[in-house]
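Novice: One structure is given below, represented as structure tokens, and several questions about it will come after.
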Amino acid sequence: MGLRVNVSAIFMAVLLTLQTPTGQIHWGNLSKIGVVGIGSASYKVMTRSSHQSLVIKLMPNTTLLNNCTRVEIAEYRRLLRTVLEPIRDALNAMTQNIRPVQIVASSRRHKRFAGVVLAGAALGVATAAQITAGIALHQSMLNSQAIDNLRASLETTNQAIEAIRQTGQEMILAVQGVQDYINNELIPSMNQLSCDLIGQKLGLKLLRYYTEILSLFGPSLRDPISAEISIQALSYVLGGDINKVLEKLGYSGGDLLGILESRGIKARITHVDTESYFIVLSIAYPTLSEIKGVIVHRLEGVSYNIGSQEWYTTVPKYVATQGYLISNFDESSCTFMPEGTVCSQNALYPMSPLLQECLRGSTKSCARTLVSGSFGNRFILSQGNLIANCASILCKCYTTGTIINQDPDKILTHIAADHCPVVEVNGVTIQVGSRRYPDAVYLHRIDLGPPISLERLDVGTSLGSAIAKLEDAKELLESSDQILRSMKGLSSTSIVYILIAVCLGGLIGIPALICCCRGRCNKRENKLVCQDQA
């Protein structure tokens, strides 16, 4: 009974082994052709953004300094108008041509909001991005009553950062970049400084703040509707304390660093007030969703030598795995951090079956190309071992002072502590660890993939050759088509007669040929007999 159980257990173990995939990426085989993985991370995608209003109060509260700063405040207002008025006019041109659409319900005779419509004829020319941003602008802008309440609240506040809660609406955060300087520096020193000096100090501070405003909103002058402002740029106007602003906005995401590095938090202008000098921004900050099971791998390649030629394996810089699937990975919209990979959109797209076979360990499926010019990597440290192309660079054992040679039948050299604890390669001294890779990769023990060319001239030449061959094949196909068309012109009875004639000719010709051959053979035999008798 025990033997039967053991046999059953062994059978199940073997069955599970056969059904279990051997793994997504075969790092062992890839290392033989100079490809190693230098990092893996989780995959996160930004999802739908949440919105919060932020007010930048450009004019500080100078009630206690009015007698000393009137000239500076007047000049500062003039400068602000040069920035704010073009933005206000562009916003008004868009919002005045967007109106709500209402429908009348059939059951109850009342109107219900259905959406907004853009008056394209009145607007004239607008890009798709501007139209989309204009609709979003209409949806996020405040109504006139809210603007009046906000203006009244801003005129009375003298805080650098203050939360203003509108009636029946969400909280609005108001920020003034110069107010702290006025409250903490100028007002306490009014008794020690002259009025002129206080005015000069405030004037310099306002001028500096104006340059920051201009650098932040200057690009918006060209396209105020669709221009977006990153939270990093916004932090300069907010006094540099970005954490305090995000905390006031209610953002408590655990992936704040990733969103900041990927510039996922954006701000867009929704209102400009040239009476009280403030700007209303709609800030969109997304949340991150981790795609479970997806791992992003970074690949790095090392060149290797075949005789006197230097090659390297052509593989993507980043790939992604999910279960047994391997996908290409577009890193253009992503930010890489130790905690994971953050992307603003889906970065996965299908990979060719041949490249998947290559990454799964079939080295003969991995394309290779000749090294031309300066190549980045001729050595790399992986798992504490040094993988080096010692045929192209100088490898030296620093411990013993001897040169590490690479035989012609080797394409790469793997150096570990059992061979040389401290290695000097290309002028860099590296201490290596215990062996994780074989000593060397021999050419006769590995199947290399097809050579390809990535140079523009070589690719053009190869394409020209391929086109010429296609033209030759096209001519042959055309000639064969002509033969087929001529065959189509023959009737079926003609084809039958031709076949009968060929068969009759064969029946008559073959016996005649046999008779001729026999006659010649008989003549040769008679000649030989006569010569023997003579």
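All positions are counted from 1 along the displayed chain.
Quick reminder: no glycine exception, Cβ is built from N, Cα and C everywhere.
I grabbed these lines from Swiss-Prot:
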COILED    138-166  coiled coil
COILED    462-487  coiled coil
DISULFID  C334-C343  disulfide bond
DISULFID  C358-C366  disulfide bond
DISULFID  C390-C395  disulfide bond
DISULFID  C397-C420  disulfide bond
CARBOHYD  N29  N-linked glycosylation site
CARBOHYD  N61  N-linked glycosylation site
CARBOHYD  N67  N-linked glycosylation site
REGION    69-95  region 'HRC'
REGION    113-138  region 'Fusion peptide'
REGION    139-215  region 'HRA'
REGION    367-444  region 'Interaction with hemagglutinin'
REGION    445-494  region 'HRB'
SIGNAL    1-23  signal peptide
TOPO_DOM  24-487  topological domain 'Extracellular'
TOPO_DOM  519-534  topological domain 'Cytoplasmic'
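Map these features onto the structure and tell me what's around them.
Specialist: For C334 (disulfide bond), the same-chain residues 6+ apart in sequence whose C-beta sits under 8 angstroms from its C-beta are S262, T341, V342, C343, S344, A347.
Counting every protein chain shown, the Cβ of C358 (disulfide bond) has 27 other Cβ atoms within 10 Å.
According to its DSSP assignment, C390 (disulfide bond) is coil. Other C-beta atoms found within 10 angstroms of the C-beta of C390 (disulfide bond) number 24, with every protein chain shown included.
Sequence-distant neighbours of C397 (disulfide bond) (same chain, 6+ residues apart, CB-CB distance under 8 A): I403, I404, H419, C420, V422, V423, E424. Annotation note: C397 (disulfide bond) sits in a strand segment as assigned by DSSP.
For N29 (N-linked glycosylation site), applying a Cβ distance below 8 Å and a minimum sequence separation of six or more within one chain yields G361, S362, T363. N29 (N-linked glycosylation site) carries a helical DSSP state (H, G or I).
There are 18 other Cβ atoms within 10 Å of the Cβ belonging to N61 (N-linked glycosylation site).
Taking the Cβ of N67 (N-linked glycosylation site) as reference, residues of its chain lying under 8 Å away and at least six apart in sequence are, in sequence order, C195.
When DSSP labels each residue, the region 'HRC' (69-95) comes out as 27 helix, 0 strand, 0 coil, counted as helix, strand and coil in that order.
Mean model confidence of the region 'HRB' (445-494) amounts to 67 (pLDDT, 0 to 100 scale).
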Novice: Show which residues of the chain containing C395 (disulfide bond), separated from it by at least 6 in sequence, have their CB under 8 Å from its CB.
Specialist: F379, A388, I403, I404, Q406, T413, I415, V423, E424, V425
Novice: Could you give the Cα-Cα distance between C366 (disulfide bond) and N61 (N-linked glycosylation site), in whole Å?
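Specialist: Taking the Cα atoms only, C366 (disulfide bond) lies 68 Å from N61 (N-linked glycosylation site).
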Novice: How far is it from C390 (disulfide bond) to N61 (N-linked glycosylation site), counting Cα to Cα, in Å?
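Specialist: Taking the Cα atoms only, C390 (disulfide bond) lies 70 Å from N61 (N-linked glycosylation site).
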Novice: Could you put numbers on the helix, strand and coil content of the region 'Interaction with hemagglutinin' (367-444), residue by residue per DSSP?
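Specialist: Tallying H, G and I as helix, E and B as strand, the rest coil: 2 helix, 32 strand, 44 coil.
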Novice: For C334 (disulfide bond), what is the secondary structure by DSSP, using just helix, strand and coil?
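Specialist: DSSP call for C334 (disulfide bond): strand.
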Novice: What's the number of neighbouring CB atoms sitting within 10 A of the CB on C343 (disulfide bond)?
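Specialist: I get 26 for this one.
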Novice: Quick one: Cα separation, N61 (N-linked glycosylation site) versus C358 (disulfide bond), in Å?
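Specialist: On Cα coordinates alone, these residues lie 67 Å apart.
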Novice: Among the disulfide-bonded residues listed here (C366, C420), identify the one with the smallest other-Cβ count within 10 Å.
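Specialist: Looking at the disulfide-bonded residues C366, C420, the Cβ with the fewest others within 10 Å is that of C420.
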